[in-house]
Amino acid sequence: MMESSTILQRRALFNEAGDIELHKRRMVGGNTTNLNDFNNMKYPWVSKWYRQAMNNFWIPEEINMSSDVQDYRNLSAIEKTAYDKILSFLIFLDSIQTANLPNIGQYITANEINLCLTIQAFQEAVHSQSYSYMLDTICSPEERNDILYQWKDDEHLLARNKFIGNLYNEFQDDKSVLALLKVAIANYVLEGIYFYSGFMFFYNLGRNNKMPGSVQEIRYINRDENTHLWLFRSIIQELQKEEPQVFTARNVRLFRDMIREGCEQEIKWGDYVIGDQIPGLNRHMVADYIRYLGNLRCENLGFEPLYEGHRVEPESMSWVSQYSNANLIKTDFFEAKSTAYAKSSAMVDDL
């Protein structure tokens, strides 16, 4: 067993002395050969996760964005500003994920978990591809660049990115078990809380028959993020079993505070970018939903809830889960690919 301050060692790539017995496999501090054997996995949930993630494969350019070109020009000034800022936020954090996940994987010694992290990194790259396709379709090159880099000049955007980015950077400098857990919690916050006011904005556009292509892109991104949330929740739960001594009362308070901070930032962000001027949404709806998510995320890790009440999904926001529920997106079993989105006649091949 390790202590919070124990420094993790980067796993060797070739390790002829690595353990092959399943009972010796560990999330961290193990002695892996890095051999991927799909018939012998220590963690039973990995096989189901892997198949689900693989079945989720989608191609952004197959979603028809033709209606969005005109819709984007017809959005109100407030809706357009929200669209641009939310997209800038999503673009940056999905981009940094592709760099962060391999960094985490170097210190994970359960090879089947690294398979999952590799798939997640690939899906984050697809999300970046999706955002690029969305911008290329609806924007001029000048507008595109302005949206891409708004996070550098908008203090609200920058503060949000710094919270997650600094936690990721911390693990660059501190390879302790506690630092790894903090970066895992940061991922959990990112996938399970940080994106949701953005997602609900797009889904609200969909409810009002606006930007259907963008809504469908976001819906598929949301489905992927749900599997990523499942992955990091499971990683944290396995670490709770394997390294229970690290989950001291003090550290659990730290983790809960991180989740709380993520919630409060998401609520402030919703107040700033959505407020009370978007038809169909207001700041109270956003805040209630985020507090509900914060409690849900804590309870799923066995932590005490953060907010009094807020234990069930707000009735006024039930449409969010209807849009984001992966089970509502049809999958062709034989082709093992999604068939729920309309294919565009134009496929770009310039990546």
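Glycine residues also receive a Cβ, built from the backbone N, Cα and C atoms like all the rest.
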Exercise for the section: For the Fe cation 2 site, Swiss-Prot lists Glu191, Glu225, His228; sort out which one of Glu112, Glu124, Glu299, Glu304 goes with them. Expected result: Glu124
Fill in the blank from the handout: Fe cation 1 binding in Swiss-Prot involves Glu124, His127; of Asp84, Asp94, Asp154, Asp173, the partner in that site is Asp94
Problem - Glu191 (Fe cation 2 binding site) and Asp94 (Fe cation 1 binding site), distance between Cα atoms, whole Å - result: 10
Practice task
Take the C-alpha atoms of Glu225 (Fe cation 2 binding site) and Tyr131 (active site) and report the distance between them in angstrom, rounded.
Solution key: 15
Exercise for the section: Round to a whole number and give the Cα-to-Cα distance in Å for the pair Glu124 (Fe cation 1 binding site) and His228 (Fe cation 2 binding site). Expected result: 10
Handout entry: Alpha-carbon spacing, His228 (Fe cation 2 binding site) to His127 (Fe cation 1 binding site), which is rounded to whole Å
Key = 13
Problem - C-alpha spacing of Glu191 (Fe cation 2 binding site) relative to Tyr131 (active site), in angstrom - result: 17
